[in-house]
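Per TrEMBL, the features are:
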type: DOMAIN; residues: B:19-134; note: domain 'Acyl-coenzyme A oxidase N-terminal'
type: BINDING; residues: B:T140, B:G179; note: FAD binding site
type: DOMAIN; residues: B:280-441; note: domain 'Acyl-CoA oxidase C-alpha1'
type: ACT_SITE; residues: B:E426; note: active site, proton acceptor
type: DOMAIN; residues: B:482-658; note: domain 'Acyl-CoA oxidase C-terminal'
2 protein chains.
Amino acid sequence: MEGGGVDHLAEERQKSRFDVDEMKIVWAGSRHAFEVSDRVARLVASDPAFRKDNRNLLSRKELFKNTLRKAAYAWKRIMELRLTEEEAAKLRFFIDEPAYTDLHWGMFVPAIKGQGTEEQQQKWLPLAYKMQIIGCYAQTELGHGSNVQGLETTATFDPQTDEFIINSPTLTSSKWWPGGLGKVSTHAVAYARLIVNGQDHGVHGFIVQLRSLDDHMPLPGITVGDIGMKFGSGAYNTMDNGVLRFDHVRIPRNQMLMRVLQVTREGKVVQSDVPRQLIYGTMVYVRQTIVSDASSALSRAVCIATRYSAVRRQFGSQKGGPETQVIDYKTQQSRLFPLLASAYAFRFVGEWLKWLYTDVTQRLQANDFSTLPEAHACTAGLKSLTTSATADAIEECRKLCGGHGYLTSSGLPELFAVYIPACTYEGDNTVLLLQVARFLMKTVSQLGSGKQPVGSTAYMSRAEHLMQCRCSAQRVEDWLKPDVVLEAFEARALRMSVACAQNLSKFSNPEEGFAELSADLAEAAIAHCQLIVVSKFVEKLQQDIPGQGVKQQLQTLCFVYSLHLLHKHQGDFLSTGCITPKQASLANEQLRSLYSQVRPNAIALVDAFNYTDHYLGSVLGRYDGNVYPTLYEDAWKDPLNDSVVPDGYHEYLRPVLKQQLRNARL
Amino acid sequence: MEGGGVDHLAEERQKSRFDVDEMKIVWAGSRHAFEVSDRVARLVASDPAFRKDNRNLLSRKELFKNTLRKAAYAWKRIMELRLTEEEAAKLRFFIDEPAYTDLHWGMFVPAIKGQGTEEQQQKWLPLAYKMQIIGCYAQTELGHGSNVQGLETTATFDPQTDEFIINSPTLTSSKWWPGGLGKVSTHAVAYARLIVNGQDHGVHGFIVQLRSLDDHMPLPGITVGDIGMKFGSGAYNTMDNGVLRFDHVRIPRNQMLMRVLQVTREGKVVQSDVPRQLIYGTMVYVRQTIVSDASSALSRAVCIATRYSAVRRQFGSQKGGPETQVIDYKTQQSRLFPLLASAYAFRFVGEWLKWLYTDVTQRLQANDFSTLPEAHACTAGLKSLTTSATADAIEECRKLCGGHGYLTSSGLPELFAVYIPACTYEGDNTVLLLQVARFLMKTVSQLGSGKQPVGSTAYMSRAEHLMQCRCSAQRVEDWLKPDVVLEAFEARALRMSVACAQNLSKFSNPEEGFAELSADLAEAAIAHCQLIVVSKFVEKLQQDIPGQGVKQQLQTLCFVYSLHLLHKHQGDFLSTGCITPKQASLANEQLRSLYSQVRPNAIALVDAFNYTDHYLGSVLGRYDGNVYPTLYEDAWKDPLNDSVVPDGYHEYLRPVLKQQLRNARL
């Protein structure tokens with residue numbers, strides 16, 4: 001995507017056997033999506049105001065101030081260029097720096113949309129849309145993360161004044177973590193236990209103003225600040241994750257978000273006719289975007305590692321010739337190519353989740369809740385699976401770059417540090433797997449009851465067959481049959497669920513059993529979620545995909561993804577008798593030969609992500625492969641190189657070398 | 001180990017069923033080692049000069065200068081207190097900040113000792129011991145890491161002047177990465193191709209002065225600097241990893257390290273009678289210390305995660321009572337306790353490696369090279385295994401702390417960032433596994449030739465039995481028999497090696513086969529190395545271990561370590577027919593019940609590491625468990641909280657809120 005200069009990877013690009021431009025469309029999702037993305041990416045990359053290569057040299061304060069500048073400038077450009085909502089979102093995406101705007105647009109606005117009444121939306125949304133107020137989403141507390149129902153903040157209705165009194169009764173009830181809260185937000189959707197007439201009605205959302213719109217000072221009763229440094233040198237330190245305490249802060253009654261539950265002037269608590277399940281719809285939406293972000297982060301890391309693996313050479317020199325490109329080593333391929341395949345797999349399952357969200361929304365509007373539990377389990381599981389895999393994969397890509405991956409200029413430390421919170425926020429990944437497991441146990445228990453499993457659990461209706469089928473693979477080529485692969489994954493997932501259900505039934509107290517077997521249950525949930533990803537990849541390939549060689553490449557990647565999972569989780573497949581050791585060995589052989597097919601196309605397959613060098617932010621991942629001269633040039637820019645003799649030489653080094661420490665002041 | 005204040009973990013400490021003080025001795029290795037360690041740790045912790053909690057707030061320059069100060073102060077204290085070598089090393093360990101002294105003492109001095117002649121040692125070592133010169137170890141180059149034989153720097157003998165001309169012929173030949181090189185070292189042991197009479201004699205070490213001892217300026221022909229920022233905010237950024245170029249730098253002939261190979265005045269290249277294998281002895285030494293460091297880093301992460309898991313509560317509240325401690329969840333236990341067991345396992349295998357190094361050294365002195373290849377493979381493999389496992393484990397511990405693990409004040413981001421280079425330096429972990437695999441293939445090929453496998457491969461002499469034996473476990477309790485466990489690991493390791501050997505034999509070109517099957521070979525090497533760790537743990541338990549309940553705890557941990565590996569690598573055990581699915585399931589059941597046995601002892605088992613709060617450097621891992629008030633207090637110290645209204649408000653926030661962006665300067 002970059003121009004000018006010599007292309008050190010040109011030879012690699014000529015090796016590929018498919019139409020990269022068409023693959024770019026597939027990756028983007030549509031020609032329109034590609035064009036928007038491409039245009040906005042170039043816009044950001046070409047504007048020096050969005051420079052980001054100096055981030056790790058800034059102090060916390062400078063870093064944060066710089067982010068405020070970028071956010072304001074971006075907002076200015078969005079208005080000047082009259083960008084659409086889609087374009088504006090892409091702009092923020094390519095600026096690639098966590099900022100309060102993420103929470104304002106991604107959580108505050110949706111919370112009001114989803115949980116506010118019509119009147120509340122009419123009052124607050126126009127202010128938020130113009131950024132006349134800036135909001136955050138204040139849920140998590142110092143002592144309470146995953147368990148929302150355990151939140152301690154209270155909102156007590158005062159019938160005298162028609163107000164709620166928001167209060168933080170304990171230290172652990174302090175709001176802690178919300179992004180944009182610490183220094184920026186003027187408002188928050190804050191979650192608190194609704195107390196009316198001394199009765200606790202559970203946790204609900206309230207719009208609370210935190211700071212004066214005149215001078216940005218915190219309002220009376222509000223204590224607010226930043227929670228301090230986080231992982232990495234840049235990363236999330238551009239964000240003011242905040243701490244917030246309420247000392248009996250009063251807000252008007254109509255600032256409780258009342259779409260689902262209302263408190264009347266008289267202090268009556270009334271359920272509205274809007275179904276409570278609506279909030280699950282929002283969760284499906286948010287988690288769907290997280291899966292899509294996983295494929296972005298993963299593809300970025302893979303792009304860097306793949307390009308540098310083609311640039312870097314180690315060993316294998318013949319008679320003084322160049323050494324072997326590390327991408328030609330099978331050990332490198334067996335670690336890298338499954339991650340490349342995963343990036344595509346997560347992209348497609350993310351696309352499907354977008355469809356699922358639309359489907360769920362339409363059904364909810366028609367008061368059809370039948371698919372909701374399944375859709376909810378599905379997105380929870382996929383959020384867990386894809387974010388855990390992506391976090392591990394970024395670090396693996398860093399290792400695949402050898403020592404140089406440890407330099408911040410490789411871009412990978414920053415990518416890792418900024419990505420890993422995804423494993424914890426919006427549902428801790430282990431907690432989510434157990435939710436999926438609970439749903440699976442329920443589904444298994446209803447088999448044969450006449451209630452048909454739907455959606456991603458539909459395969460369970462073939463339980464009788466799947467519990468006893470034997471894999472038909474007899475030759476290496478048989479592992480290229482989608483049906484053979486799919487059935488093995490279905491049988492494994494079902495048998496693991498059924499085994500858990502059987503073990504559970506031995507406990508007299510089901511909850512005790514669930515707790516005791518939770519590690520096994522989590523593994524069963526993973527098996528189910530991996531099946532979903534595999535099956536959605538297979539489904540994608542049943543579509544018409546234009547472009548010379550494009551579909552064939554995707555087929556190869558689909559099998560790389562599936563068979564590497566099969567190898568990695570061999571124990572599951574073997575212990576449940578889904579495949580034999582011989583078949584496992586054939587699958588592994590097939591996998592090796594698939595790697596050889598990926599090899600010549602690897603560079604083109606990462607070019608298809610269409611990332612600018614600005615967005616990648618990596619010397620190792622440069623489009624033109626001109627790595628070493630750039631690393632060398634960049635080194636001299638470190639402040640330590642401002643002087644040849646370092647600061648501190650006279651005080652702390654010379655006395656050591658000259659044996660004059662005794663009198664030195666240290 | 002800390003005094004004063006309330007102990008929130010007191011109840012946990014009372015639960016334990018063994019003598020913690022005796023366990024501390026076991027962990028330290030001896031009563032003497034414990035006493036030294038304990039004394040020096042307190043010395044460092046109580047001296048404000050060694051404060052480290054402000055590290056992530058310093059700019060690169062401040063950070064580096066601060067490290068220079070600490071190193072000088074430490075050296076001053078070492079002399080004032082007349083510390084022994086052992087105590088001085090411990091002091092540097094507990095200061096816990098990478099510094100040039102690590103390389104001076106850990107690489108520069110040993111290189112001269114190992115590769116210098118008697119005369120060279122007499123000349124250079126006294127200078128180094130007094131730090132009148134400071135040295136580093138300049139091997140790696142910009143384009144060459146793992147493949148030492150591919151280095152490009154040249155040292156050409158000039159018979160006219162009796163000198164070597166050291167030169168960097170290409171950009172990629174620039175020395176790159178050596179710690180202590182960039183800003184501090186006055187000297188380096190630099191590795192270069194020895195060229196005499198136009199003939200290339202391979203890579204050798206040369207002592208090169210880099211900087212003037214008068215004013216610290218680089219000498220003519222020397223270009224030297226820092227390579228820039230690395231992973232994390234503090235971490236290895238305290239170290240001046242350097243870049244170095246030689247422009248025909250001349251050094252006297254006697255600065256080539258000539259213990260093994262000599263160049264005479266006349267330009268003759270003469271092999272000395274000192275065996276070349278000596279360098280493998282040094283590698284065994286260095287890698288042995290890396291294994292020992294792995295257990296330190298891992299135990300530190302585990303200590304933090306275990307204590308915070310006992311402090312933190314989520315879900316499970318009954319009737320408004322406190323929520324459940326997360327350490328009581330089986331999912332938490334199944335992730336955390338295997339890491340706790342690994343810390344102990346790595347500690348003991350590290351201890352054994354120390355013995356192995358002594359043994360090898362004594363044999364070398366007696367010209368006995370018979371065990372060297374085995375010892376070399378063993379240390380290479382264990383370096384790879386333990387560092388990879390530790391890097392992953394630190395990140396896993398961070399995740400086990402939930403969101404708060406992401407704060408730098410948890411100590412885990414820093415620990416991760418500072419630890420991960422261990423996977424790459426002193427042999428990339430994948431490259432090392434393939435070296436082990438090569439050794440295993442050789443050993444397998446010699447089975448039946450009459451040559452008996454020695455040391456850690458001795459089990460292979462029972463190949464006939466191990467290839468066909470069947471695991472005898474029939475009940476859950478059978479998995480507590482050391483012989484049953486050991487045999488399963490031996491059979492698995494051997495069968496995987498033999499399967500690789502058989503597959504290799506199908507290739508007409510063995511090197512091609514090795515390349516093609518390298519991923520499988522690496523897995524076989526891992527199986528072999530895991531067996532070593534398990535068997536050394538079992539051997540440890542055959543010793544007399546005093547202290548009430550101590551041995552029993554270690555037994556439990558030994559089985560946790562073994563059975564969790566068995567579960568994780570179930571696929572290996574099943575596909576090679578070493579155990580049946582039923583037996584795998586019994587092992588897993590045993591593992592669950594072992595977790596329950598670990599649970600009440602968990603806090604005491606991490607207390608046994610005897611870490612001070614200073615060394616741990618973690619709010620979450622505080623000895624007294626007083627986590628939340630400390631987190632809250634610490635937050636306000638962030639520079640962003642210097643003012644309630646942040647820097648940048650007037651320029652970048654107010655114009656947004658007030659719709660005045662059009663005219664704003666951004």
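Cβ atoms are placed via backbone N, Cα and C, with glycine included.
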Chain-internal residues, separated by at least six, CB under 8 A from B:G179 (FAD binding site): B:P98, B:Y100, B:D102, B:L103, B:C136, B:Y137, B:M239, B:D240, B:N241, B:G242
Candidates B:T140, B:E426: member of the recorded positions with the richest Cβ shell (10 Å): B:T140
The domain 'Acyl-coenzyme A oxidase N-terminal' (B:19-134): DSSP-derived helix, strand, coil residue counts: 90 helix, 0 strand, 26 coil
Secondary structure of B:E426 (active site, proton acceptor) (DSSP, helix/strand/coil): coil
B:T140 (FAD binding site) and the residue listed as 'active site, proton acceptor', distance between Cα atoms, whole Å: 10
Mean predicted confidence [pLDDT] for the domain 'Acyl-CoA oxidase C-alpha1' (B:280-441): 94
